[in-house]
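Enquirer: Here it is, the structure in full.
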Amino acid sequence: TIHSNSKDNKALREEFTACRNKQQTKQQQQYKSILKNDNQKSKEKAATSLNNNNKRVHIEDSGSSSDSGMDEFEAKLSKSDEKIEQNMTLLTQIAKKLDSLSSKFTSSSNTAGLEDEDNVIVED
């Protein structure tokens with residue numbers, strides 16, 4: 001199941017990256033049109049401010065649209081990757097300990113009867 005989770009995360013990561021790239025490309029295209037519109041609006045606001053007793057107009061440029069949903073998803077995906085890696089490390093440690101115990105058990109069971117002659121079973 002850990003391997004399937006790892007594969008799922010890898011597929012999600014690839015899909016996420018493709019989606020993020022598409023979004024960034026779309027944002028770049030939108031940003032270019034926003035810049036044109038903002039430029040025009042800035043000129044209009046500047047003209048309005050001159051006509052409005054020379055008051056200053058504060059213009060903010062937001063730059064791009066919010067993609068907090070994508071950021072949140074990326075954070076969850078990274079956490080999931082991290083947990084899978086921790087679980088794999090833990091499973092590897094458990095497997096090594098089991099191998100070690102298994103080899104000790106196997107070697108001790110082979111010699112257990114030979115050390116004590118009273119317990120040696122001889123079949124006729």
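Cβ coordinates are placed from backbone N, Cα and C, and glycine is handled just like the others.
Heads up, here are the entries from TrEMBL:
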COMPBIAS  1-17  compositional bias 'Basic and acidic residues'
REGION    1-82  region 'Disordered'
COMPBIAS  22-32  compositional bias 'Low complexity'
COMPBIAS  73-82  compositional bias 'Basic and acidic residues'
REGION    104-124  region 'Disordered'
COMPBIAS  114-124  compositional bias 'Acidic residues'
Enquirer: With DSSP as the reference, give the number of residues of the compositional bias 'Basic and acidic residues' (1-17) in helix, strand and coil.
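Expert: DSSP composition of the compositional bias 'Basic and acidic residues' (1-17): 16 helix, 0 strand, 1 coil.
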Enquirer: Over the span of the compositional bias 'Basic and acidic residues' (73-82), count residues by DSSP class, listing helix, strand and coil in order.
Expert: 10 helix, 0 strand, 0 coil
